[in-house]
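As recorded in Swiss-Prot, the features of this protein are as follows:
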type     : residues  : note
TRANSMEM : 35-55     : transmembrane segment
REGION   : 337-418   : region 'Disordered'
COMPBIAS : 337-352   : compositional bias 'Polar residues'
COMPBIAS : 356-374   : compositional bias 'Low complexity'
MOD_RES  : Ser457    : phosphoserine
BINDING  : 633-760   : nucleoside 3',5'-cyclic phosphate 3 binding site
DOMAIN   : 987-1153  : domain 'PNPLA'
MOTIF    : 991-996   : motif 'GXGXXG'
MOTIF    : 1018-1022 : motif 'GXSXG'
MOD_RES  : Ser1234   : phosphoserine
REGION   : 1409-1514 : region 'Disordered'
COMPBIAS : 1471-1489 : compositional bias 'Acidic residues'
Amino acid sequence: MDVLELLRASATGSYTALFSDAWCQYVSKQITNSMYLYCALGVLSMVFLAWFMYFKRLARIRLRDEASRSMSAVNSSSGGDLRGLRFRKRDKMLFYGRRMLRKMKNVSGQMYSSGKGYKRRAVMRFARRILQLRRDNMPLEMRTVEPPAEYLEETIDGSDRVPPDALYMLQSIRIFGHFEKPVFLRLCKHTQLLELMAGDYLFKITDPDDSVYIVQSGMINVYISNADGSTLSLKTVRKGESVTSLLSFIDVLSGNPSYYKTVTAKAIEKSVVIRLPMEAFEEVFQDNPDVMIRVIQVIMIRLQRVLFTALRNYLGLNAELVQNHMRFKSSTIMAPSTHSSQCSRQTGSQPTLGVPAPTCSNTTTTASPTTANTVHSGLAGANGVIGQSRPPISPSRHSREEHTLSDPNPNPDVINTSVGGASGTSMYAEVHGDAPNVDVFHQQQHSVGNLSTRRGSISQMAPDLGPALSQPGLGQGQGLGPGVTGAPPLMTGAPASKIDMRLVHASAVDSLRKELGLPEEDSHIIEPFVEVRELEPNVTLITEGNSDDVCVWFVMTGTLAVYQANQDAARAKQQQEKNDMLIHFVHPGEIVGGLAMLTGEASAYTIRSRNNSRVAFIRRAAIYQIMRQRPRIVLDLGNGVVRRLSPLVRQCDYALDWIFLESGRAVYRQDEISDSTYIVLSGRMRSVITHPGGKKEIIGEYGKGDLVGIVEMITETSRTTTVLAVRDSELAKLPEGLFNAIKLRYPIVVTKLISFLSHRFLGTMQTRSSSAAPGGPVEANPVTHKYSTVALVPITDEVPLTPFTYELYHSLCAIGPVLRLTSDVVRKQLGPNIFEAANEYRLTSWLAQQEDRNIITLYQCDNALSAWTQRCMRQADVILIVGLGNGSHLVGKFEREIDRLAMRTQKELVLLYPETTNSKPANTLSWLNARPWVTKHHHVLCVKRIFTRKSQYRINDLYSRVLLSEPNMHSDFSRLARWLTGNSIGLVLGGGGARGAAHIGMLKAIQEAGIPIDMVGGVSIGALMGALWCSERNITTVTQKAREWSKKMTKWFLQLLDLTYPITSMFSGREFNKTIHDTFGDVSIEDLWIPYFTLTTDITASCHRIHTNGSLWRYVRSSMSLSGYMPPLCDPKDGHLLLDGGYVNNLPGQLWRYCRASMSIAGVFPPFCDYRDGHLLLDGCYTNNVPADVMHNLGAAHIIAIDVGSQDDTDLTNYGDDLSGWWLLYKKWNPFTSPVKVPDLPDIQSRLAYVSCVRQLEEVKNSDYCEYIRPPIDKYKTLAFGSFDEIRDVGYVFGKNYFENMAKAGRLGRFNQWFNKEPPKRGNHASLNEYTFIDLAQIVCRLPETNAGNSADIFSEDEDCDGYISEPTTLNTDRRRIQVPRAGNSLSFSENEMDSDVELDLQLDRKTEKSIHSAATSVARGSMRSREFHKLEQDRSVEITRLKDETERIMAPTNLDRKGDGQEQEKEPEQEQELETEEPNQENTEVEEEQRNQGEGNEDNKENKGGAYNETKN
């Protein structure tokens, strides 16, 4: 706020305008140019004091005279002199005793007339009450509690009790999945101990690669050998770590053991190594085939999540991960159309890190069968990024240059081609549209990706095809190279009419049989599942991230192109390019699509036909059926994937590690050697620094996709912090040696890291200067407020947790894909025994898959400490503790147990308030003080439907309709959703005196522009306006209160009465405090609807201070304490003196106190003393008048900063090296000379005070997270409060035009849009059906189903209370179907699931179908007799049982609790009838319904046991 023209006030009447303006100008000039006024004020004060003392003494003399006259009258009447008389001591004691007894009657509590020491106790109670009077009058303070030691320290348990060799063994083979104890003991029998001296080789080139090595003591160096004889270290293996390649493990199991070609391991010092031969696993797998299947699946998952995630997303390697150039198996099939393609295909593989690429001659060579069998052509179909992948690192223009290192004559089509034009039509829309029996298994598809399998020799197909395929003269086939003549018609682009399709199908069956490694006598197994299709150019087979169209494709003719999304979407958009880039081609004789068959992931590639092609394919469900009969094809599929990978991937497999960390375990510790970096695959990490004094402080937190320790590894410095796991986490470890080897071979890696580190350092520089003040809360550190998993815990049973979760889910859907999980959902999806220890691997894998597919996953806990609740605690990044704001704040036993179980997880409190109440949040401090473990709180205003008591069925039915509507982005649920996903929008209001009325107009413009406000911060007048908005959230009420306060500030006669002797300030601040206190009352910052902070200048600690809790009016007053006019506010917390925060940052208890503190203009109002610590607080504008940087540190992703402060004149006169005051006086008074602009002494002092504020303001203007706005209000003075309406209108008009221009320019989307508004596509949106984890061991080996037939009996009472079953059907779609709605129109988990999950497809004959339709219609109208309907239901149950038995013969049993779903189908028509005939007495109706459901469940248990589609009967 300005110091100049402080006493000037606008005239209240037109007839006094001239006089008041002249008087104000005169007074302002006197204040500016001389000190006479100060002396005059002092003299007036002394005269007033003397006058007051004189009249007070005169009044005392009068009273004394009257008393003497009265005494004289008494003496005269009594005839004696009473001057010497006095009270006796006994009379005095009696008098004072009676007075005390009268006061003792007011003491609370019963006075006992007997008992030892009762009088003493009564007196002590009375004294205690008197002593506590002042403490009770003080406002309630927030209790500051240091976080527990476990929050910042790693867990150290008794793991030393396990023998070291067994412990290291367990940790090393954990990468193969979960092993039962007998299996582990059998593996231990095959271990060998190797003792190596320094310099001894553990293994070297040409040694067989057939063992797993675990270092028990010492150190081993793993390095690669270059062609010139030099070596390059990959990693150093220390105690407890292992050396192995999972890709070699698959080679050994498939019967093709390899040897070390470039990798060598040598002991650095004396070491002891445990050797576990891979053959030991073969022996175990023979007796436990399910273990083999699970190990293969785990290896494939690791291949996706670790290798592809690390190498692609962070190092920028894409096409280098697969062998781009493959050779044909037969000379009759030569697809390349250019010499370079033929040449590159002869090389057969990518170069390794240490071996240069081979060159090819100009002659075309035919690959031999042996060589062709060596090089497999599968495709690694996914990169491990599941669902909505994290924002990838953008490749530069040089992303293709590394190919020239391995191929001197690269094919431009292969290397530098990007996709253009349309993406092509869908394969299932154009290719499969008119074919019968296409969608046989379409309804049963899960989320899987691409898989590579071995190719069969196409030349071997010709003898089986008869004379039709050996006719010469058919010419060149499409897609074949020039000079390739006489190709069989099957392998050409000849029209299908010229070829017998039966022969084509037979050829396709034989080829796919060989690819799957099946003998010839097993052709009948795959023959029914093989389909052949003709493709036109640019037809899309599958898109990246899609799981619906997953198949194994075999290319018979033509060419398929494999693309991947361009990671630098912004650069591609600027260059008008497509976001897809070519990875490689798939030629005739090769297969593609299938890694997800083993992992359950979606496709990471987009596959299109390059030209006219013919492909044979097998759908995913058919592959699983074949696996069930021939489990060994899993090895063939896995071996095909491995052989397709480039040697670079195999070398990286030796160095990259997959690390599992339980909650509390440390990744690395402070001061350790930095020899690697880590990639967070799942979970959450916390970085903690230990200061020399032993104090620990949080530096930051890392979530999924973040790099940890990269800066220290690159700079080769020791670890500066300790990083520990907040919850169970998975990480990929990238050693420094591997990183150096890759960057030497592929310079693109350096470009990637420079881009990554530049963004990280830029963010650090922008937030460094605005870190929290000393003594600030832990959460004030720059912690990433973006969570992947959220656990919801009710405080009491009265909390409507299910409706709350639905509302939060609804709001989160506006941001991205989200999933809601409950214990019933998980049981129905995976079985009732899923929470047992034996199913740990399956459960964690399934949950990890769901988390990867969604931006956020909601875990709804039970109301008791069940196994599911404990699992939610382990999986959660943050825990939301939900309570009723009007209820009791006491902590229950269940809540304390949660704090004990999740000691390190961040917890936030959510208080719910009904919309019908007119009250505002109150007593929030009592909630927070009772829960010191809570780091943040949210006030949520709930609609009426949340608190309406309904059965679970009615809740599901209600929200199935609510989800079809658009969420209200201005609601508290949307605000909470944006906070959880890191999309909060902050509003920062700067200081500027009366010009702050423009904030009201800007608030109205922001509201009309549809921009939600999630957080508010303010300084000086901005603190006042921001606090009004957070308290009211109604622009009309805010305008009214702001106008009333401005009118009070125009009453200059009240301010004159507040004048005081100007030692500290000109005004005492009493009247100013009263105006702010009357505006807010005794409201605390914690009780505001919207998170709020104000900033003040702490002159006690010489820093700015951020207030997020405490007295509102006090800190607002302190932030407005302009120096010289008001005294600093004394902080009651620590006694520090606080001034206007604008002195350090001019844009940023009880509410009014900190508002007052933020308005303490130095010199005008005294500093405000903080009641907590006694610090003196002044106006925040002295340090930061627009604290947008503070808002960014508190978690706001997008910020709108409004600046209304004054601007200094920078056009000053250059007067030379010295300055004479007499010369300035002459220039000032001489009208014939040009005026000079030289700052006077007060102006210089003001500019010095605002130095840091101006610097901070420039940083805010240049930041990328802030939208800086300055309305045109420079013509209004600081104290022009009488022009409130005019200034407000200026701000409104300017803001409205500003946001309209932003909308036209397309820049408004970041404030009100966070996702693509296009309608959701089924292939790209998360559905619980689509991403169900596929346990191959259970499918293939017929393991006992965890969801046995009696699972419906266990949960029969709950089936009608939860309608979230997501069940894929396994029935053919070429038959007639009837869609029966499930109970309650179950709420889906995504937009596309609303179509697929709500309806259950049943296959019925015509008669039953017609009867069911008739029955459903009659029930809906309430006109059908129960007996007739029950008879039809029995008929339907029999029909469903028959169909179930029929489909079970061809399909593997699903992991769904179908019986529970069947019960829901049975009850749904009855519940529809109940809704229409519902009696007013809802309570009795619900009791009758519960009894009827129990009766139905009991009868069902007797009637149907073990059936998968058993139905209930009344």
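From the backbone N, Cα and C atoms, a Cβ is placed for every residue, glycine too.
Feature map: annotations from Swiss-Prot on the structure.
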residue: Ile633; record: nucleoside 3',5'-cyclic phosphate 3 binding site; Cβ contacts under 8 Å, 6 or more apart: Leu516, Gly517, Leu518, Ile626, Met627
residue: Arg665; record: nucleoside 3',5'-cyclic phosphate 3 binding site; Cβ contacts under 8 Å, 6 or more apart: Glu154, Thr155, Leu724, Ala725
residue: Met713; record: nucleoside 3',5'-cyclic phosphate 3 binding site; Cβ contacts under 8 Å, 6 or more apart: Ser674, Asp675, Ser676, Thr677, Glu736, Phe739
residue: Ser729; record: nucleoside 3',5'-cyclic phosphate 3 binding site; Cβ contacts under 8 Å, 6 or more apart: Phe660, Leu661, Val680, Leu681, Ser682, Gly683, Arg684, Met685
residue: Ser1234; record: phosphoserine; Cβ contacts under 8 Å, 6 or more apart: Lys1227
For the motif 'GXGXXG' (991-996), distant same-chain residues with Cβ under 8 A (at least six beyond the ends):
1-2, 1018-1025, 1046, 1049, 1119-1120, 1140-1142, 1146, 1179-1181, 1185, 1203-1206, 1273, 1276-1281, 1283-1284, 1287
Per DSSP, Arg745 (nucleoside 3',5'-cyclic phosphate 3 binding site) is which: helix, strand or coil?
helix
Same chain, outside the transmembrane segment (35-55) by at least 6, Cβ under 8 Å from its Cβ: which residues?
27, 1059-1062
Going by DSSP, give the three-state secondary structure for Arg665 (nucleoside 3',5'-cyclic phosphate 3 binding site).
coil
So what pLDDT does the motif 'GXSXG' (1018-1022) average out to?
89
What counts of helix, strand and coil residues does DSSP assign across the motif 'GXGXXG' (991-996)?
4 helix, 0 strand, 2 coil
Summary of DSSP states over the motif 'GXSXG' (1018-1022), given as helix, strand and coil counts
2 helix, 1 strand, 2 coil
Helix, strand or coil by DSSP: which one applies to Ser1234 (phosphoserine)?
coil
